Amino acid sequence: MSPRGLLLATAFLTRLPVPLHGTVSARDQGEAVPAWPIVGLLLGVLFWVLASLAASLGWAAWPTAVLLVMLWAGITGALHLDGLADSADAWLGGQGNRERTLEIMKDPACGPAGVVALVLVLLGKTAAVATLLEQSVLLPLLLAPALGRAACTALFLRLPYVRENGLGHDAAEHLPRDTARAVLIIIALLSAWLAVWMLVTAAVLFLLGEWLMRQRLGGFTGDTAGALVEIIEAGILLTAYLAL
């Protein structure tokens, strides 16, 4: 994994200012994919540090949770939330038809299903984070972003990208698969060492999402990958809440 790949992954997955020089090639896009879980882990470290700081300052759990979830959405440019909304609209509106599902997914408008999906995920995240803050259980904030983005990288290894052009197509064509596998193994081992149940939760949700994408689309899109990130993050946080 090259330093340029990590910088490009950071520029794509966040709104942080990243110095990128020269033209971004298709090969660069592919080399960025293995770095996505690393960017997720760095985001997790940021959320964990901020949550720890808020706790040390005695901030109330619910306002802190709202601020953290707002930061979570803002620092990523709501990239994955957009994918969640588009996927929800397309999955219901497509009525089982592949072409119709893909057509709806390209529509930038957010329909009722998308709005409901966004509300449920954001409320679920906020409620879970608030409860975890009250109980001083902060590890899920560290691992959820990493495991969510690891799922995106894993999709490139297990499913074809169904669009015929775009960033995802270029990334799939030039993905360094061995590097991607190595990064996923490292993230999995770290997660298993810190909290194996989080890894299991992410794996179950990933396999379910992969199956649904394979059945409906025969592959994945950027929107469905983003939706999977949000579902895995929310799933880990809510599972942590239920385990308290």
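Yeah, the Cβs are placed from backbone N, Cα and C, and that goes for glycine too.
The transmembrane segment annotation in TrEMBL covers 36-55 (among others). Through the fold, the transmembrane segment (36-55) approaches residues 1, 6, 9-10, 13-14, 64, 67-68, 71-72, 75-76, 129, 133, 136, 138-139, 141-150, 152-153, 183-184, 187 of its own chain, all at least 6 residues removed from its boundaries and within a Cβ separation under 8 Å.
Residues 13-16, 43, 46-47, 50-51, 54-55, 118, 121-122, 125-127, 129-130, 133, 141, 145, 148, 226-227, 229-230 of the same chain lie 6+ residues outside the transmembrane segment (62-81) yet bring a C-beta within less than 8 angstroms of a C-beta in it. The transmembrane segment annotation in TrEMBL covers 62-81 (among others).
For the transmembrane segment (113-133), the list of distant contacts is 51, 54-55, 61-62, 64-66, 68-69, 72-73, 81, 84-89, 91-93, 140-141, 230-231, 233-234, 237-238, 240-241, 244: same-chain residues at least six beyond its ends, Cβ to Cβ under 8 Å. The annotation transmembrane segment is assigned in TrEMBL to 113-133 (among others).
TrEMBL lists 140-162 (among others) with the feature transmembrane segment. Taking Cβ pairs closer than 8 Å, the transmembrane segment (140-162) reaches residues 13, 33-34, 36-41, 43-45, 47-48, 51, 68, 72, 80, 102, 128-129, 132, 168-169, 171-172, 175, 177, 180-181, 183-184, 187-188, 190-191, 194-195, 198-199, 202, 205-206, 209-210, 213-214, 217-221, 225-226, 228-230, 232-233, 236-237, 240 in its own chain, all 6 or more past its ends.
Positions annotated as transmembrane segment by TrEMBL: 182-208 (among others). Panel annotation: around the transmembrane segment (182-208), residues 1, 34-35, 37-38, 41, 139-140, 142-144, 146-148, 150-151, 153-154, 157, 228, 231-232, 235-236, 239-240, 243 of the same chain, lying at least six beyond its termini, place a Cβ under 8 Å from a Cβ of the stretch.
Taken from TrEMBL, the feature transmembrane segment applies to 220-243 (among others).
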